[in-house]
Amino acid sequence: MEFTAPEIDWLLVSPLLAVFAAALVGILVEAFTPRALRRPVQAGIAGTGLLAALVLTVVVALELPSQGGGAAHGEVTVTGAVVVDGPAVFLWGLLALVAVGGLALFTERRVDAGLPVFAGQASVPPGADLGSGPGIGTGGAGETPGDGGAPASYDRWEHTEVYPLLTFAVAGMMLFAAAGDLLTMFVALEILSLPLYLLCGLGRRRRLLSQEAAMKYFLLGAFSSGFFVYGAALLYGYSGTLSLAGIAAAVGAGGGPTVLLLAGVALVMVALLFKVGAVPFHAWTPDVYQGAPTPVTAFMAAATKIAAFGAVLRFLYVAVGDARWDWAPLVWVVAILTMLGGVVLAVGQSDIKRLLAYSSIAHTGFLLTGVLGLQGADELGVDQVSSLQAVLFYLATYGVATVGIFAVTTLVRDAGGEASGVDRWSGLGRTSPLVAGAFAVFLLSLAGIPLTSGFVAKWSVFASAAGAGAWPVVAVAITSSIVAVYFYVRHIVTMFFADPPADPPAVVVPSPATSVTIGVALLATVALGVVPGPLLELAGDAGSFLR
Amino acid sequence: MDDLTPFLVLSAILFSIGCVGVLVRRNAIVVFMCVELMLNASNLAFVVFAKQHGNLDGQVAAFFVMVVAAAEVVVGLAIIMTIFRSRRSASVDDASLLKL
């Protein structure tokens, strides 16, 4: 058998390579750098890699060749494994941006009196690295300071492997959004998931919760990736190829055993819908969002959703776009269940991170509504927002607001860590108007109130879905948006008009990195609400997927 | 070509056993083993389809799945290990601090 070396367009995949390189260098450095230097060095390497990826993404975006009469631009490279097209590059840029924000939150140690966010070592028993001695954080205002017992040095230890783990996750996400065949997609899925499972379990505060979140996320995530692989095997059986374009050709030609196609699409979609947190595969979301260290939640909530929706769109539009009438009913049902489930369950939540988790489930439903807006280029009216454009814009606004809102969540603290109970936040608007104000703006954006980015995003996905005839879903989406406004606004009212509790939580001043992240997210949220045009145009210029 | 249906049926049975196992077993290690069973059922399906289509893509995919499964074991056992250290239990029912 003859072996031909694959042709790789190095420039086009350079953003991916930059992030992978940063992760690998990070691992090497971890082995050779003295403990005291590790944190600045690791953060520097990760930051350099991500910023380099951002710059290279812009370069690649300007270099993309036009294909197929201008509807799509980009190129298939690495023998079909990586498709660098407009949407992929848009998502790369977005992921790199969100990851820089996440990295900034990872470096934070001022909010917890000099203690890092992450455990000293993964093997350190719960509470042994909190300075005050053993105290097992199990929730609420958990940690009771004990006396002594633990080596004092654990306090200053930090698990600096979190930086390479973060970069690996970002690399996997970027590959996930640009995968050209199901095998690459599966490998990318695991590259992004495995570091996230570990990151979830490394919280310094509330260690047991953090470990439990890691285990739940891991077991359910592994379960869902089992579905992905079996679905990929069935689609391979149907079409004789793993490449998305090849599957599309087989679907277009018809003739294969339809049962394999339908079962394969269903199984792959189970795994992808799990990753985006859609009902009925959402059970992990609240537990993991609440249990994971908040900087990890911020990064994961935003970036995983961006990458996974990139993969959902690519799989549904490119591989099985011609079988639209087979999968659309499934997505209709899931979208409706997701929106209703998300908002109904969010109403009764008393923990802020859990509330935001259910709100993120509802947002998954809104994004799926946008996915339903798929139409051929010829069916699309003049000036109509295409569904891809709408979903990309939605992902950008959602990602930015999510990083911002979780960053603000880290600032309000009790003795045992973050004060995450909703009632602990009452009256915050009087004592710290700045923090409460920022939180309120993010909440309004998530609720989709005009003049914030969330409104434009929601409007565009609803418009695109309605244009494609998914009226019932849009009706449910509008109804659940209204219900959602109730619990977002209720929280704002509590913050500004209720009396503070007798022992109000402390509001800490974070390090410049966190402050800048919150500031930029706030600015972007408002700016995109007032002048959404440029970003919408950019998402539109991304064109369609390259087949 | 020989009839390959029995192999596909076997792979579907293995996948179902794994799937049901994940849902009903309590011990995290056993749950995890059931996930591995699902992955191996997929490998069998990949190899059968590769034979049917007469190309190597499926066999290559099976190798990749094996490698990824190995990486997953490393991460998974590490997580189960740390939780066992702090709780002295690997039961998924005991891990129930996070709920509504």
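Cβ coordinates come from backbone N, Cα and C, glycine included.
Annotation source TrEMBL lists transmembrane segment at A:12-32 (among others). Non-local neighbours of the transmembrane segment (A:12-32) in the same chain are 38, 41-42, 45-46, 48-50, 52-54, 56-57, 59-60, 63, 75, 77-78, 82, 84, 92, 96, 160-161, 163-164, 167-168, 170-171, 174-175, 178; each lies 6+ residues outside the stretch with a CB under 8 Å from one of its CB atoms.
For A:89-106 (among others), the entry in TrEMBL reads transmembrane segment.
Summarising the annotation, TrEMBL assigns compositional bias 'Gly residues' to A:133-149.
Among the features that TrEMBL reports, region 'Disordered' is placed at A:133-153.
Long-range contacts of the transmembrane segment (A:162-179) within the same chain, counting only residues at least 6 positions beyond its ends with a Cβ under 8 Å from a Cβ of the stretch, are 15-16, 19-20, 22-24, 26-27, 30, 42-43, 45-46, 49-50, 53, 81-85, 87-88, 91-92, 95-96, 99, 102-103, 106, 118, 185, 187-196, 198-199, 202, 244, 299, 303-304, 306-308, 310-311, 314. If you look up TrEMBL, you'll see A:162-179 (among others) marked as transmembrane segment.
The annotation domain 'NADH:quinone oxidoreductase/Mrp antiporter transmembrane' is assigned in TrEMBL to A:179-481.
Residues or ranges marked as transmembrane segment in TrEMBL: A:185-205 (among others). Panel annotation: around the transmembrane segment (A:185-205), residues 112, 115-120, 122, 129-130, 137, 142-143, 159, 162, 165-166, 168-169, 171-173, 175-176, 179, 211, 213-215, 217-218, 221, 225, 228-229, 232, 271, 275, 288, 291-293, 296, 300, 304, 307, 311, 315, 416-418 of the same chain, lying at least six beyond its termini, place a Cβ under 8 Å from a Cβ of the stretch.
Taken from TrEMBL, the feature transmembrane segment applies to A:217-238 (among others).
Proximity of distant same-chain residues to the transmembrane segment (A:244-274), defined by a Cβ-Cβ separation under 8 Å and at least 6 residues beyond the stretch ends, is recorded for 76, 80, 83, 179-182, 189, 220-221, 224-225, 227-228, 230-235, 237-238, 281, 284, 308, 311-312, 314-316, 318-323, 326-327, 330-331, 334, 547. Taken from TrEMBL, the feature transmembrane segment covers A:244-274 (among others).
Annotation source TrEMBL lists transmembrane segment at A:295-317 (among others). Non-local neighbours of the transmembrane segment (A:295-317) in the same chain are 83, 87-88, 91, 94-95, 98-99, 101-103, 105-106, 108, 117, 166, 169-170, 172-174, 176-179, 185, 189, 192, 196, 199-200, 202-203, 244, 268-269, 272-273, 275-277, 288-289, 324, 327, 331, 353, 356-357, 360, 363-364, 367, 371, 374, 388, 391, 395, 398-400, 402-403, 406-407, 410, 544-545; each lies 6+ residues outside the stretch with a CB under 8 Å from one of its CB atoms.
Residues 266, 269, 273, 278-280, 282, 286, 316, 355, 358-366, 368-369, 371-372, 470, 472-473, 476-477, 480, 483-484, 486-487 of the same chain lie 6+ residues outside the transmembrane segment (A:329-348) yet bring a C-beta within less than 8 angstroms of a C-beta in it. Annotated transmembrane segment per TrEMBL: A:329-348 (among others), in sequence order.
The transmembrane segment annotation in TrEMBL covers A:355-372 (among others). Sequence-distant contacts of the transmembrane segment (A:355-372) (same chain, at least 6 residues past either end, Cβ-Cβ under 8 Å): 276-279, 282, 285-286, 288-290, 301, 305, 309, 312-313, 316, 328, 331-332, 334-343, 345-346, 349, 387, 390-391, 394-395, 398, 402, 405-406, 409, 422, 446, 458, 460-462, 464-465, 468, 470, 473-474, 477, 480-481, 484, 487-488, 491.
Residues 87, 90-91, 94, 97-98, 101-102, 105, 108, 111, 294-295, 297-299, 301-303, 305-306, 309, 352-353, 356, 360, 363, 366-367, 370, 418-420, 424-425, 428, 435, 438-439, 442-443, 445-446, 453-454, 456-458, 460-461, 505-508, 510, 514, 517-518, 521-522, 524-525, 528, 532, 535-536, 539, 542 of the same chain sit 6 or more residues outside the transmembrane segment (A:392-412) yet have a Cβ under 8 Å from a Cβ within it. What TrEMBL lists as transmembrane segment is A:392-412 (among others).
Here TrEMBL flags A:433-457 (among others) as transmembrane segment.
Per TrEMBL, transmembrane segment is recorded for A:469-489 (among others).
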(request) Determine which residues of the chain contact the transmembrane segment (A:89-106) at the Cβ level, with the cut-off under 8 Å and only residues 6 or more beyond its ends counted. (result) 15-16, 19, 43, 46-47, 50-51, 53-54, 57-58, 60-61, 64, 74, 117-118, 162-163, 166-167, 170, 173-174, 177-178, 294-296, 298-299, 302-303, 306-307, 310, 392, 395-396, 399-400, 403, 406-407, 410, 513-514, 516-517, 520-521, 538-539, 542
